[in-house]
Structures are given as C-alpha cells and as structure tokens.
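Undergrad: Okay, handing you the structure first.
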C-alpha cells in the first residue's frame, strides 16, 4: 500500500497567504508598465479589460506553477506539492483553479470541508484528481514522485 502523507490544512492556508505576495508583485509590475506606456496616466480602477488582465495573471501564476512543478511559491515555502503533477493536464489545473476561486468566494469552504471529508481531500484535490501532499514526509518506493525534489 502506498504511504501518501497529505498536507496539513494550516499549510494550505499559509501557502495561500504566502502566494499573495508574488501576485501583488506581478500586479505592481503590470501597473507600472501600463503607467509608463500611458505616459504617467493611471489606469482607472473600474476598467474591465485591466481587471481581466490581472485575473488572467493570477490564473497563469497558479496554473503554470501547478503544471510545471506541482507547486506555487507559497507551496514551496511550506514544502507541500501536488502529487503526480506531471500527469496534470491544462484542463485539470484550470479546473483546480476555477474550483479554488469558487471555494474562496465561499470563504474557503473547499478547504474547510476537507476536515469532514473521509479521504481528507479539498475540493481542488477532487477537481483535478491529485491531492496536495506534505513533501517533508517520506513516501515509500511504490508511490509516485512528489511534486519536486532538490537537485544536487
């Protein structure tokens, strides 16, 4: 039997909070570029195309991170990652993202309901078919590789 160590709920929350900082950095760079291109004129906050651009950047941040390495920067900091990330399709990571947005709009219900879930899975784990695991715990040889391993 495979010994998979699911990550702790607090690590999910900590990683999500940590991910706010790189996203804010991306937003700042994007805003700076547009202010420079518009010769000092700011983009109006209610501008739909700019809001959609920022949302697309958040989408790319999460989906590319999950697809490429199975982890966002926040997940790396807390040493958690998506099991078998190399098997994830763009459709699966997009579904994981959409489920995460929906869960966030419901005050994190997808994370909190993990407590009552018998398999200890979040909505996002169920949506993409791969759980987030604790990379500090060892898995036996029969388990798939964790999201990332340090290279020497």
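Backbone N, Cα and C define each Cβ position, glycine as well.
This is the feature table in TrEMBL:
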DOMAIN    8-129  domain 'RDD'
TRANSMEM  12-36  transmembrane segment
TRANSMEM  48-66  transmembrane segment
TRANSMEM  93-115  transmembrane segment
Undergrad: Let me spell it out: take the transmembrane segment (12-36), skip the flanking residues so only those 6+ beyond its ends count, and list any with a Cβ under 8 Å from a Cβ in it.
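TA: For the transmembrane segment (12-36), the sequence-distant neighbours (Cβ-Cβ under 8 Å, at least 6 residues beyond its ends) are 42-43, 50, 53-54, 57-58, 61-62, 72-75, 77-78, 80, 108, 111, 122, 132.
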Undergrad: I'm checking region-level scores; what's the whole-number mean pLDDT for the domain 'RDD' (8-129)?
TA: 94
Undergrad: Could you give me three numbers for the domain 'RDD' (8-129), the DSSP helix, strand and coil residue counts?
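TA: Secondary-structure composition of the domain 'RDD' (8-129): 88 helix, 3 strand, 31 coil.
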